[in-house]
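Here the structure is laid out as structure tokens; the discussion comes afterwards.
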Amino acid sequence: MYPAHLLVLLAVCVSLLGAASIPPLPLNLVQFSYVITCANHGRRSSLDYADYGCYCGAGGSGTPVDELDRCCQIHDDCYGEAEKQGCYPKMLIYDYYCGSDGPYCRNVKKKCNRMVCDCDVAAAKCFARNAYNNANYNIDTNKRCK
């Protein structure tokens with residue numbers, strides 16, 4: 001084998017090892033982003049909700065900064081209830097329909113999948129109903145979420 005071929009092979013192996021160490025997003029969070037996009041008809045990226053207020057994104061504490069943040073608090077609580085039932089909300093996927101009036105759960109028969117679908121659809125519709133305040137994106141949660 002030529003030295004150049006060995007270098008290419010080594011580069012491929014190293015890049016594959018690096019890619020293997022990147023944790024994948026839980027499937028449900030990817031699906032939830034599609035449900036959000038369906039509910040707001042593509043007017044706002046689901047990423048805009050990933051770091052909004054005190055509850056949108058990882059974790060959550062304190063008093064929600066507005067109604068949109070309250071949607072996230074309710075969604076967190078909904079996932080908490082699903083976990084109490086033995087479900088793993090961030091790992092479950094479900095079948096939903098994106099109609100002209102927003103997302104709906106479709107033919108979801110398993111209890112846990114149905115609970116998670118209901119949580120996600122309710123949150124996405126709540127996001128679409130409430131105003132997005134740019135001032136509440138990426139806030140200092142240590143100061144504002146007490």
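Along the chain as shown, residues are numbered 1 onward.
A Cβ is built for glycine as well, from the same backbone N, Cα and C atoms used for every other residue.
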Disulphide pairing with Cys117 per Swiss-Prot - partner from Cys105, Cys112, Cys126: Cys105
Listed in Swiss-Prot for the Ca(2+) site shared with Tyr55, Gly57, Gly59, one of Asp66, Asp76, Asp77: Asp76
As recorded in Swiss-Prot, which of Cys98, Cys112, Cys119, Cys126 forms the disulphide with Cys38: Cys98
Member of Cys13, Cys54, Cys56, Cys71 annotated by Swiss-Prot as disulfide partner of Cys126: Cys71
Cβ-based isolation winner (fewest other Cβ atoms within 10 Å) among the disulfide-bonded residues Cys87, Cys98, Cys105: Cys98
Pairwise CA distance, Asp120 (active site) versus Tyr55 (Ca(2+) binding site), rounded so that it is a whole Å: 15
Spatial neighbour of Cys126 (disulfide bond) that is closest, considering only the disulfide-bonded residues Cys54, Cys112, Cys145 and their CA atoms: Cys54
When distances run from the Cα of Cys98 (disulfide bond) to each of the recorded positions Cys71, Asp76, Cys87, the nearest one: Cys71
